[in-house]
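**Student:** My structure is below; once you've seen it, I'll send some questions.
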Amino acid sequence: MAPSESNCNGELKTRLRRTQSVTRAEEITDQEQKQRKSQPDKPVHKPRDSLFSWSSNFNDFSGLVNWGFLLLTMGGIRLLLENFIKYGFRVDPVQWLIVLSGKNEGDSSYPSVVLALYSSVPIVLCIIIEKGLSVEIIPETTGKFAHVFNLIAVVLLPIVVINLRGTSFSLMGSTFVCFLYCILFVKLWSYVQVNLWCRQNQKNQKVSISGKRRESFSIAEFERKHHRNSNTDQNENFIANDTKDHEPLKLIEYPDNLNLRDLIYFLLAPTLCYELNFPRTTRIRKRFLIKRILEVVVGVNIVMALFQQWMIPSVKNSLIPFSNMEFTKATERVLKLAIPNHFIWLCGFYLIFHSTLNLLGEILHFADRNFYCDWWNANNVDTFWKTWNMPVHRWCVRHLYIPLVDMGYSRFAASGVVFFISAFFHEYLVSVPLRTFKIWAFMGMVSQLPLSYVSKFLEKNVGERWGNILVWGSLILGQPLCIMVYYHDYVIQNYNKVILEPEYLE
């Protein structure tokens, strides 16, 4: 019943209340439903929303997912048939071996192999410096300068050698060397910084112990304590005899970790963050190991076949549109290249982060297998970079972000430093092997900062789904554009003209 109120003359006046809008069909009263069911007309209708309405709370679209997957499969098969009709069967495992070994590139001195073997020198120097610091033969300041010089040399050595002996290196050889020295740099950084933390903790403990006053005991207290300790020792001996087979693993402490065996294990382990005591598994699961080996073998063959059959023709066909700056045709080439490139990227992700890293972890008894998280559900760019490559993310947070924040820098400044260093290494891994020093990869990484704000805006104001669509769009379209630009610059720089085989012309 609507409430009533009196006016200034004392008359009662009914106050009409505005009817609330109803957005859901279910909000019809239960009493009305019971009345309708009692009618003799056998009603078949009841309050229901359409399934595509948000108010229906329906979320089981598995059939539509299957339909989309089937449609994508049919489209992929059509593209595959079109590729075979147009270019023929191009897969040749012999050519894979020639490209991977660099047989037709470089010279017979194998500089990539020499440079890879030379990587043992900074490793030995690092352990020698740490040994000297642990026994205080080397002053702390001198040791820091020596480590900085050693790490800078690790980064600069491939740049200098590859450019001085440019044509002596094969493309795959120089790429392998750059990846090797890049991984070596971040691992040695972690090793040096962790040992520095251990030395500082050791010095702090010595200072705290020396600052304490020694306690004084009376003779009676000493006798009581001795009697209590003797009883405790008897109980402990009894327990030790009973649980002798279940002794816990003794943890390694600094400086007992400073040996070549410990450092080599860390360099081979599927992690970039050093610890004195890594979590270990007790056994090797043979069935799991065989599965990972098969995945690596099959995965490498699939990726190489896709490169040879699908990727190379598409990239070569992009040269003329990019050289002539034909926007429409260049856009069409980017979209055409996006599908095989993205498929290869997904295969490469699974091959590296799941198959290969799990294979290494199983062989080395490394128990932490969290190499990636659910990056495919990322609703913004920040979440994607935090979840898709967990070894790199942990290293950046542990050895860059947190130390910078502890030094007094703002979180924004620390995040900016992390992005710029990541951008540098992305450019390093592309420009140095190609000997084409551009800034496309660097700018692509720096552009992630404004893209991050856009994705967060979409997530907050439009919906999480649109943020996730933006993340996927940047992955699908950004990578082929970068590949085309670098390939174009590489061909122009090394051959002074656009090379396009007639068989690839459309």
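Heads up, the Cβ atoms here are built off N, Cα and C, so glycines get one too.
Automatic prediction, not curation, is the source of TrEMBL annotations.
Pulled these features from TrEMBL for this protein:
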type     : residues : note
REGION   : 1-47     : region 'Disordered'
COMPBIAS : 24-47    : compositional bias 'Basic and acidic residues'
TRANSMEM : 61-81    : transmembrane segment
TRANSMEM : 145-164  : transmembrane segment
TRANSMEM : 171-192  : transmembrane segment
TRANSMEM : 293-312  : transmembrane segment
TRANSMEM : 343-361  : transmembrane segment
TRANSMEM : 408-425  : transmembrane segment
ACT_SITE : His426   : active site
TRANSMEM : 466-487  : transmembrane segment
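Set these features in their place in the structure for me.
**Tutor:** Non-local neighbours of the transmembrane segment (293-312) in the same chain are 80, 83, 87, 89-93, 95-96, 337, 340-341, 343-344, 347-348, 350-351, 354-356, 359; each lies 6+ residues outside the stretch with a CB under 8 Å from one of its CB atoms.
Within the chain carrying the transmembrane segment (343-361), a Cβ under 8 angstroms from the stretch's Cβ atoms is held by residues 268-270, 288-289, 292-293, 295-296, 299-300, 302-303, 306-307, 311, 367-369, 371-372, 388-389, 391, 475, 479, all 6 or more beyond its ends.
Residues 182, 392, 396, 400-401, 441-446, 448-449 of the same chain lie 6+ residues outside the transmembrane segment (408-425) yet bring a C-beta within less than 8 angstroms of a C-beta in it.
In the shown protein chains, 17 other C-beta atoms lie within 10 A of the C-beta of His426 (active site).
Counting only same-chain residues 6+ beyond the ends of the transmembrane segment (466-487), those with a CB under 8 A from a CB of the stretch are 315, 318-319, 322, 330, 333-335, 337-338, 341-342, 345, 377-381, 383-384, 430, 434, 436, 438, 440-441, 444, 451, 454-456, 458-459.
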**Student:** Which residues of the same chain, at least 6 past either end of the transmembrane segment (171-192), have a Cβ under 8 Å from a Cβ in it?
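**Tutor:** For the transmembrane segment (171-192), the nonlocal Cβ contacts are 99-102, 105-106, 110-113, 115-116, 119, 122-123, 126, 130, 147, 150-151, 154-155, 157-158, 162, 263, 266-267, 272-274, 395, 398-399, 425, 428-429, 432-435.
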